[in-house]
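Taken from TrEMBL as is:
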{"type": "TRANSMEM", "residues": "B:43-68", "note": "transmembrane segment"}
{"type": "TRANSMEM", "residues": "B:89-108", "note": "transmembrane segment"}
{"type": "TRANSMEM", "residues": "B:128-151", "note": "transmembrane segment"}
{"type": "TRANSMEM", "residues": "B:163-184", "note": "transmembrane segment"}
{"type": "TRANSMEM", "residues": "B:190-213", "note": "transmembrane segment"}
{"type": "TRANSMEM", "residues": "B:266-285", "note": "transmembrane segment"}
Ligand code: SF4
Ligand code: SF4
């Protein structure tokens, strides 16, 4: 069984929110929509989003770093939000592991959102049902699209390619290799929810340059001087 | 968590209904054992059951305000294998049906014994239906409380104390009402129900107090470090991704100052426990149905405050992601 998921490279994400807007654009008019807003231009705007980009500061001034942190449903392998749903509206697809909500069955009790520790389910106040990231299920399963476009809208939109998409159960997939080789990790692993989405940590690329790498003893451009001492005969003096 | 009034009224009102029914049935069993005088079926048990049913219906009515699509509520009965909420949705109407049946049988006076056990215990239809309804009442307490106690993310709720509190507080308020009701109907069982009400209230005080103490000492299992996976002692959110509010900032925060939460705690510790005990005691001494009714009303008010505090006190780990408005 495959488990589709996102891998988000925090080392690359620049916090541009392109994934947020493309997600909303694609999904509000697609299968999972609409994603209504209330008072979008008013005093206290609010609305339904599947994906948010947050910003955190690490450390204290002046030794700080900025972390941009995109957050959407992690499509947990042991999703605590699914068994609590009284209607069966929340379910996990058998074939690809995507966690979805059937809007026609949802009674809007919000219990699933209480059972998700990641705060990624957002109640739609207009249609009065629970909404969440679908991994663009209508795109990724649409065989009429060319294969390169069978990806979530956020992945296609990311200008920095910080978002990877694939099957984390396939050890040879791009996402599995990235998780394995670049330290991919899960959020709040303490609960045992086994999130399928992984994050790649921020990594520093450091060069280690030693003094003798800067000043080569045999640097041909080095200024020639008389040696401060008599070297005596060296191999260089030998005429062959 | 945000205390939703629909859920506060649902849990407190059905608690009264369950407790009142349990009180009526206890009274019946006691009189069967000749520990209490036998009551008039029609007025005491019949009308008492109707009163219990009224509270249950009001609670059910309140619960619909919590749903986005109440017209689909029947669907909530389908996932009883895994969801406590679904189990509650099944047990509540079953319990209501049994209480209705119990009341109707008493009202119609079909209380001729069906058979006699060992020549001493005459069993009539009400005894059987009442027993089933009592089982359903306890099952309903369990389901309601487990909706909260089963969520491991909410550490303040994830404890057997939650189940005990729902049971004891609901039963206490029901017996309080039974005391007042019996005094009003001229069946003088104020002392009997009042004594039980005091016992349940004091037991509830112990378990609720224990849960308050437990919650005071709780350390959050999750910190921002594991929420975003960065190992540093100093982490802070600068932006949560939007400038306005969202479902996540409304549903999981009570939005009130710590003063109000503490005030609510003192209010319910006073209103739900010592005050009604004193009032029912005074009611007993003065033989006054009014005082007994006031005792019930005060305790109910206290339990509304108690439920508010129950929700406000629970801290959801998702709140870690929603700390900064910018
Ligand atoms: S991230 Fe939350 S909503 Fe998504 S599968 Fe996990 S528990 Fe469910
Ligand atoms: S809000 Fe909808 S999806 Fe969530 S638990 Fe309730 S019925 Fe299920």
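Don't overthink the numbers, they just go from 1 along the chain as shown.
In case you wondered, yes, glycine gets a Cβ from its N, Cα and C as well.
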Quickly jot the same-chain residues contacting the transmembrane segment (B:43-68) by Cβ under 8 Å, restricted to those at least six beyond its ends, or write none.
4-7, 9-14, 16-18, 20-21, 24, 27-28, 92, 95-96, 99-100, 102-104, 106-107, 126, 174, 177-178, 181-182, 185, 187
Top stretch by Cβ pairs under 8 Å to the transmembrane segment (B:128-151) (candidates B:89-108, B:163-184, B:190-213, B:266-285) is B:89-108
Can you tell me which parts of the same chain pack against the transmembrane segment (B:163-184), counting only residues 6+ beyond its ends and a CB-CB cutoff under 8 A?
11-12, 14-24, 27, 44, 48, 51-52, 138, 141-142, 144-146, 149, 190, 192-194, 196-197, 200-201, 203-204, 207-208, 211, 272, 276, 280, 283, 287-289, 292-293, 295-296, 299-300, 303, 306
